[in-house]
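J.: According to TrEMBL, the feature domain 'Alanyl-transfer RNA synthetases family profile' maps to 31-790. The Zn(2+) binding site annotation in TrEMBL covers 630, 634, 747, 751.
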């Protein structure tokens, strides 16, 4: 009871704190959102023994099929699937409570288009939740929820309605009468306990996987003794769902059937925003203290009418909708950018770009706010959420990213409008705008489809919505296939098989032999042999004792020296052989880790049985190459911190035998000099041949290492610490600065024992994925040396070319040849992946300057030649109003310059010149006197002559050019003269 009183005390400063419908209070008497959140967390912590788990970032952890963390359960997915490592902190959870940052925009859960139209949808929100993993179930979950709502928060019971799963005959599922009876036993009137079908009250994680019936708690804002059961689940703004309790007791199989889960779990979720709305006696989430400071900042910044909470037709010019859109979106942008998701061109980054651009549009078009206004709202967001969600650290970065992307969007709008205008001019007679063009504008420039519709509607044209829907479906299908490919087709243990292994007492795989290797005096690595026993075989989502020849299966061994794919490092390759049968190889195609069990994927050449003894042979060359690249990745991370500063954070990595990839956050683009410095720092450590120390350490102890670089990952306990040049024991000492001066990371990967084997590291690519996030591709060893040789060879060619360009030439053909050579080397430097990136940039800068020099020389020589030819024509056609003739010219550019000079030296004259080429092509260029406009057009003149020659032309009213192909030059000249006479 003391604990309960303490929790109530968080909310009630005085006896009558509550602001429910029965006792509306002043704003000062309403509990602030922070107290409401804290009361939820402490209720489950202090009264019901739950462990408080912090929110994870909104960027999903190891889930390629998910754009954003969109529910509190995302971080616990490995528990539901049974794949959590038995030594990880996740595997120890039984009762958990937290408040999770969530974004629902894009993907399956997408609230983006609804935001602003009503008063309760959001793209960013906080999900309050409590979980049970194989501990309590329905009775305790319902009881705790009812106690919290009615006793701690003191919500009137007659305002609450309960829904439960009403069954589904097609699936053979009976109504969840157990759940119904629990609510009735808690005193909920039968008229407030309502059954609903599968669509409303059966929750599923995805197409397959854990699922189960749920019970929802709905709140009637009106109350007053009325009966509102008919409004439940009817999208009524008066009766809204506030809490969903999911009882995970089934698994949806690939064939659509349901199997009981080996362990029952509870997953609950309650939106903080809706709960605060109830407890602060508001009818809209936007009227709570989670939004009012932001709405006030919008009003103060742009002036005009204030926020009134209007919706639908009452919201004239959509001003109130704009307030809601901007307030919601700036919260989402702030949270995502702080968590390392920046507006970009694909995936979550693309969705965030659309959110930003939607907000900018409402700022400028509806609120008439100046550029930069959206970023000016960030301080208000920090005021509301900063202390709780750690936004203060990223305050300036958030504003800079928003401002930069707003400027880019305004530039894109200009480009998009030009493309739309050009498309309308080129369209054949039609009332439908080409769907492909609209979709390209939407996908590539982020141009909103509704804005395209408004722009073309003014000209009597409509968007082809049917074709756009088809393109959208194809895009979704392609993204789904891409996500499936990312997840891979490897054999992975399902939740039922994992549970069976645990029930049968099958121990987790001993994979410590993967770390058993030594470095000899000769510099060669020796990998210890490993023998193992086949414990079980896995095929067609079931555990089996035997598989036949030609069958693909997963092999579970009692121990293994194979590295399973994890931590960004590719899995080992190799093969197995039966002891005593060395001539039959079982090639290992992939190695995966699930719930502590290592699965070796093989296609059996012969029958394989549980109990067989096997010898394991790891592909040592591939493993060693991965070790080199993984240790090099750690050195790269250290060097980036050393050169770019401590604000540099790793965002991801992938290590294979061929190369390493490293993603990191940076506040500014990496310069050419910085790339060289990074390589220099790495080379210094490599040359010193530092010892790489590795040790398993309790997670809590390892987390205290100063300067430790970690990723947002779930680490096992104990965890493996990898330290370059400094013994792990030294790094663990209190107040030790050792880790500040070298690379110290938590890592389960396989590493070199000394850094010398890296030999060399060359960064062959560095580019920004999105603003603030860069990706490096690097090579090591002999591949790095070869890349340097490629760079040096290209540098010699550029040096030679540079000398010849600077020497100059009076021959136009020679200079044109040099220009082509510059273009060729420029292309080579761009497409050649195997060369140092810093050198590529230096050479490209040199080539760009050479191209300018060559172009200038060509232009001067062409002008000189044109002047000579023009002078000859002037002497031939003295004071003629129309000059038509043929001259030799090497290019259309020279011919056009001759025309220009003739017109300059003979004011009022209109000129058309033809130039036959060796190939049979005839060049045409013309210029018309301004005095002859508009009756006489250069574009029409050139088109008439080139059409006569079987070609085409284009240009403006004053100048035009084109080509044709004819042997009858005199006929073309006659046609030119006749056209001119007809217009003059």
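Using the three backbone atoms N, Cα and C, a Cβ is placed for every residue, glycine included.
Values in this document were obtained by computation on a predicted structure and should not be read as measured data.
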J.: Please list, in sequence order, every residue of the chain apart from 630, 634, 747, 751 whose Cβ lies within 8 Å of the Cβ centroid of the Zn(2+) site.
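T.: Surrounding the site, in chain order, are 627, 631, 633, 692, 722, 745, 749, 750.
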J.: I'd like the Cβ neighbour count for residue 630 (Zn(2+) binding site), meaning other Cβ atoms within 10 Å of its Cβ, all protein chains included.
T.: 24
J.: Can you name the residues of this chain that are 6 or more positions from residue 634 (Zn(2+) binding site) yet have a C-beta less than 8 Å from its C-beta?
T.: 722, 724, 743, 745, 747, 751
J.: I'd like the number of other C-beta atoms within 10 A of the C-beta of residue 747 (Zn(2+) binding site), please.
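T.: 25, counting other Cβ atoms within 10 Å of residue 747 (Zn(2+) binding site).
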J.: Can you check how the pLDDT averages out over the domain 'Alanyl-transfer RNA synthetases family profile' (31-790)?
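T.: Result for the domain 'Alanyl-transfer RNA synthetases family profile' (31-790): average pLDDT 91.
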J.: Taking the Cβ of residue 751 (Zn(2+) binding site) as centre, how many other Cβ atoms lie within 10 Å?
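T.: Step by step: centre on the Cβ of residue 751 (Zn(2+) binding site), count other Cβ atoms within 10 Å, giving 24.
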